[in-house]
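Asks: What Swiss-Prot records for this protein is below:
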ACT_SITE  55  active site
ACT_SITE  127  active site
BINDING   337  heme binding site
COMPBIAS  7-23  compositional bias 'Polar residues'
REGION    1-25  region 'Disordered'
């Protein structure tokens with residue numbers, strides 16, 4: 001008699017034979033009554049769930065957030081009080097690639113964090129860049145379509161990408177970062193993370209502050225060149241997963257220094273830029289980063305599917321002391337992320353173990369697909385509505401945010417009017433040394449291969465407005481790499497396009 005567990009069906013019945021199907025005779029057909037075979041095949045048919053529409057390829061690990069600084073004057077959030085230690089889950093990802101995409105591709109890296117606080121889950125869903133390609137969420141689906149496959153060729157389209165970017169000058173800041181060294185990191189241990197959006201802090205006195213979150217890698221930065229990345233992909237498509245998993249297994253726990261930039265609420269009316277614009281950064285000279293703690297990743301998941309693929313991060317998950325802002329992109333993500341999880345994982349995705357809060361949960365949600373938590377979470381089956389007289393959960397007024405002053409007429413305002421989309425990319429470009437600029441030029445030229453000349457010229461016009469050297473450098477790189485000549489190629493394509 002073995003001491004190993006007995007194999008069973010999903011209903012718990014022991015399985016006598018997992019090697020041979022039930023047939024009519026030794027060579028006969030399979031019988032429909034072979035419920036073991038039918039269960040096994042039907043389950044296999046349903047093993048895959050819809051992949052994320054964006055950020056599909058990802059890597060994750062558990063860790064701890066430790067707060068060492070004191071920002072208690074700005075926020076009442078317990079997770080951010082001095083000495084607080086909070087378990088957390090991180091998921092990194094590429095944006096455009098599907099689940100089977102190679103890790104070593106030039107792309108923005110997602111930087112999503114879930115903190116299991118004593119006041120509920122707090123999710124910070126950012127990237128390895130402090131800005132993004134668009135500032136109005138109405139353009140987000142259009143942008144993502146340019147990063148995905150062409151509906152006819154089923155290939156990624158450089159033309160679609162550069163056409164959209166060249167028609168969207170607000171993308172210049174992020175495009176410059178993407179095409180720089182930091183657009184192709186060797187792995188995720190050597191990248192920074194950013195909340196990207198402007199969030200808010202608020203304290204017991206009812207004071208609000210605007211805040212930006214930064215996570216600075218303590219491992220330093222490492223990047224591939226395009227040529228190096230091609231060699232890496234030739235060896236393995238899982239370079240980032242291999243690196244992160246192996247490092248943690250070997251006790252080489254990656255760490256990030258956690259910083260915040262804090263802006264008094266009324267300063268938002270005084271800055272020369274819109275502090276709620278996702279395509280802009282706050283100058284460090286005006287709002288210096290404050291060190292508040294360290295994030296460490298120190299444990300690999302036991303099962304990737306249940307703990308990383310099933311993980312659901314949403315900016316709507318906040319805790320008392322942390323709030324939102326008028327950032328338009330953030331406002332849209334508050335809805336869209338949770339809605340995407342309901343589509344991908346089901347109505348009750350927050351009851352999946354990796355998404356469950358560590359604190360008690362009480363609410364009046366009921367029924368629905370995959371309701372596996374035993375009914376409404378009120379503690380009393382008679383308290384299935386609110387208000388009630390049967391000791392059901394009640395509100396906590398102390399969790400109420402201070403009032404937010406808003407003004408203006410409802411309208412579809414042109415977000416480009418009065419917006420400077422060139423100064424901040426120029427400041428970034430001026431920080432690059434000569435070698436970094438040359439790699440920027442070469443990377444852009446490589447990414448523009450096959451793009452029609454009239455689109456190239458439109459984009460070069462934007463680069464020139466950033467800095468004449470930017471435009472000249474990319475133009476030369478295009479000629480060196482592809483023999484591009486605006487006087488011939490662009491002119492012919494303009495005529496073709498007009499016809």
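Glycine is treated like the rest: Cβ placed from N, Cα and C.
Values in this document were obtained by computation on a predicted structure and should not be read as measured data.
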Asks: Roughly how many Å lie between the Cα atoms of residue 127 (active site) and residue 55 (active site), rounded to a whole value?
Replies: 10
Asks: Might you list, by sequence position, any residue in that chain lying six or more from the residue listed as 'heme binding site' with a Cβ less than 8 Å away from its Cβ?
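Replies: Set apart from the residue listed as 'heme binding site' by at least 6 residues yet with Cβ under 8 Å, we have 125, 312, 313, 314, 315, 316.
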Asks: Taking helix as H, G and I and strand as E and B in DSSP, count the residues of the region 'Disordered' (1-25) in helix, strand and coil.
Replies: 0 helix, 3 strand, 22 coil
Asks: As a test of the contact definition, list every same-chain residue at least 6 positions from residue 55 (active site) whose Cβ is closer than 8 Å to its Cβ.
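Replies: 93, 94, 95, 110, 112 - these are the non-local Cβ neighbours of residue 55 (active site), listed in sequence order.
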Asks: Could you say whether, by DSSP, residue 55 (active site) belongs to a helix, a strand or a coil region?
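Replies: In three-state terms, residue 55 (active site) counts as coil.
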